[in-house]
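Feature list (source: TrEMBL):
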TRANSMEM  6-30  transmembrane segment
TRANSMEM  56-77  transmembrane segment
TRANSMEM  83-102  transmembrane segment
TRANSMEM  114-130  transmembrane segment
TRANSMEM  150-170  transmembrane segment
TRANSMEM  177-201  transmembrane segment
TRANSMEM  216-234  transmembrane segment
TRANSMEM  246-266  transmembrane segment
TRANSMEM  278-298  transmembrane segment
REGION    318-356  region 'Disordered'
Amino acid sequence: LVPVAMGAGFGAGLGLALASSAFIGGSFVLKKKGLLRLCGRGRAGQGGHAYLRERLWWAGLLCMGVGEAANFAAYAFAPATLVTPLGALSVLVSAVLSSIFLNEQLNVHGKIGCILSILGSTVMVIHAPQEEEVSSLESMAEKLKDPGRFIVFAVCVLVSSLLLIFVAGPRYGQSNVLVYVLVCSAIGSLSVSCVKGLGIALKELFSGKPVLKEPLAWVLLVCLVICISIQINYLNKALDIFNTSVVTPIYYVLFTTAVMTCSAILFKEWQHMVLDNVIGSISGFLTIVSGIFLLHAFRDMPFTPNLLPLFLQPGGADPHPPWSSADRHQSCQHQPLLPSEDKGSQSTEEEEEEEK
């Protein structure tokens, strides 16, 4: 076991993960902006590839590449259970930039959701596992060959992805956001495993080991290229059909769940965690999910100052106070005890006397 010290390695992994979230969050907005310029010409949601001629789309792809590279390096310094939850910050960056550059609404519910996502990410970072179970390509190969764990998981991911692509996609892809996002999330869990393995290979390469002669390193590289290509293709479809503020949070929740499941099966990062850290990690993740839900579910709900309590509204006072200026000088004990009918008769008698 190689301890992940709360020092240079942890700081490097944390910094790279934060930079990755910033670049990836901005890439969503840039690619959406490029897709909007197509004006119906060869849309990705209809199988077209006209977005390849848009500079903004390529800028978004470049930002995503930089973000993924930073994410790649972060996995080499820290466990996946620590790095992946910080992807919530990409949701926040995307939501804020979408409200600025794409005129997508970010109301008070969305802002509360952003705060909850940040708090949940902080809790998960605090309670993340401080150990790495895989420190060499040899141990990585042993875990990949485990028939009772990772092989079964990988087969389930591949079969479900094929069903989503060839069965559910043609029927429900244009109306249900989960179809294409599930494909990206499921394949993304495998790409994270490849990234983790390649990060370990690079660390061994820099330490002087003959990694280039290892077949596993090349297999991981080929699998990573295939997985990323599939993710980019179906993420473009989802972004072209649905709103960015819808695709981004759902993609984060599903992707994080898939990666955490894959890490628990392959890398066994949860195996040596004490109960407090397990509960803290789960609570932090549920807090992030709650924030993402607020960010997504109420995005189209207008929130005006009139919906605030009276003491929080602009002006800070009720325009129709329950006590008028004349009533302020009267105590409840001095109110007339006569019923309403008697009050009416009394007032009519007073009017008759005045007429006389």
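Cβ coordinates are placed from backbone N, Cα and C, and glycine is handled just like the others.
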When only pairs 6 or more apart in sequence are counted, do the transmembrane segment (177-201) and the transmembrane segment (56-77) reach 3 or more Cβ pairs under 8 Å?
yes
Thinking of Cβ pairs under 8 Å, which stretch from 6-30, 56-77, 114-130 has the most of them with the transmembrane segment (278-298)?
114-130
Remote residues contacting the transmembrane segment (114-130) - C-beta distance under 8 A, at least 6 residues beyond either end:
3-4, 6, 14, 78-79, 81-82, 85-86, 88-89, 91-92, 95-96, 269-270, 272-273, 276-281, 283-292, 294-295
